[in-house]
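> I am attaching a structure below and will ask some questions about it afterwards.
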Amino acid sequence: MSAASKSIDVMLKPLLVGGRPISNRFVMAPLTRCRADDNHVPTAAMVKHYSDRASMGLIITEATQIQKGYSTFAHEGGIYDKEHVDGWRKVTDAVHDKGGIIFCQIHNGGRSTVPSNVDEGVRIVAPSAVAITGHKCAGSFARNGKTQPYPVPHAMAAEEIASYVNLYAAAARNAIAAGFDGVEVHGANGYLIDQFLKTSSNQRTDEYGGSIENRCRFLFEVLDAVIQAIGRERVGLRISPLNSFNDQSDEDPQALTRYICSQLNLRTIAFLDVMRGDFFSPARGADKWAREEYEGVLFTGMSFEIEEAAKAVESGAADAVVFGTKALANPDLVARAVAGAPLNKPDPATFYTTGEAGYNDYPFM
């Protein structure tokens, strides 16, 4: 055994996730890559991409759209009709054939959606009529390739909120039909659920706004509906209490984190995935708040080096660590970690382009 493998030995231990053992503590982060076809059906390139990374203890897919005609990203995957189910089945079969485990991240963008990606007659929605103003939609995410401002979204009525809860549950059922081992509910990074959670984007005065309990109401209605649809052992949740991406902030992120964790303790889901900090600042600590409060399986991530991840797992600060760009650029990340081999460097210029370049051409050792 190499010195490198000894230092990360704890990362190679199996872990029970929802009653199912995963082979190691390396988790592939949900990474938007925009490689699905025009109808949001997974492509052959996606089959290869995910199956090449089957040695990760758990794969979590890219954010996968739950609603027809509401595309947050051009060429994102969808999970709202049979065509998507059939397409994802090819991915899950390929991952399972290599002994891997894969969850589908189910997602809606809310106000963080490119206007030109939304079908005629479909409204861009959010908890409140508050637009993103800190940046514009990147052309790489748009069907028409044009950079454009975010519009003021439509503030959802109570009956619309209920309809979105149903969309998440339907997407979860479709994911299981497609062969996924479970789903991760996307409650992070300024998308629809996170917009309800944070004070910067939720200015409601009804039962879905104001107090932490009210701002979390939509999250737990979604989570409970998904649990009812597919079983708690197949459900994970991702949150990003400190991340300012998409104009997000909260008046008391620690209290928000602790409340979410206290409520999750009553539900015994498969895992909680907490992004520890902010994309744009050194702020860190959300994982520590979660570990102090949450009694279940805890994943954390955001710019971890491999030995740092091993120390986090060894100390009990996390049960597994989520890797983004390292998994993106290294299909054999686990083997490289064991060997102490150098890692491929990711190419940001190809993160959101279509085709194989920067997607399936990163070499194995």
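Backbone N, Cα and C define each Cβ position, glycine as well.
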> Swiss-Prot records Pro30, Leu31, Thr32, Ala63, Arg238, Ser303, Gly324, Thr325 as FMN-binding residues. Which of Gln105, Gln203, Gln263 is assigned to the same site?
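The one candidate that Swiss-Prot places in that FMN site: Gln105.
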> Looking only at Thr32, Gln105, Ser303, Thr325, which of these binding-site residues has the biggest number of Cβ atoms within 10 Å around its Cβ?
Gln105
> Could you tally the C-beta atoms, other than its own, that fall within 10 angstroms of the C-beta of Pro30 (FMN binding site)?
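Excluding its own Cβ, the number within 10 Å is 23.
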> Can you tell me how far the Cα of Pro30 (FMN binding site) sits from the Cα of Tyr191 (active site, proton donor), in Å?
14
> Quick one: largest C-alpha distance among Pro30, Leu31, Thr32, Ala63, Gln105, Arg238, Ser303, Gly324, Thr325, binding FMN per the record, in angstrom?
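Overall maximum Cα spacing for these binding residues reaches 20 Å.
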> Can you count the other CB atoms that lie within 10 A of the CB of Tyr191 (active site, proton donor)?
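So the number of other Cβ atoms within 10 Å of Tyr191 (active site, proton donor) is 23.
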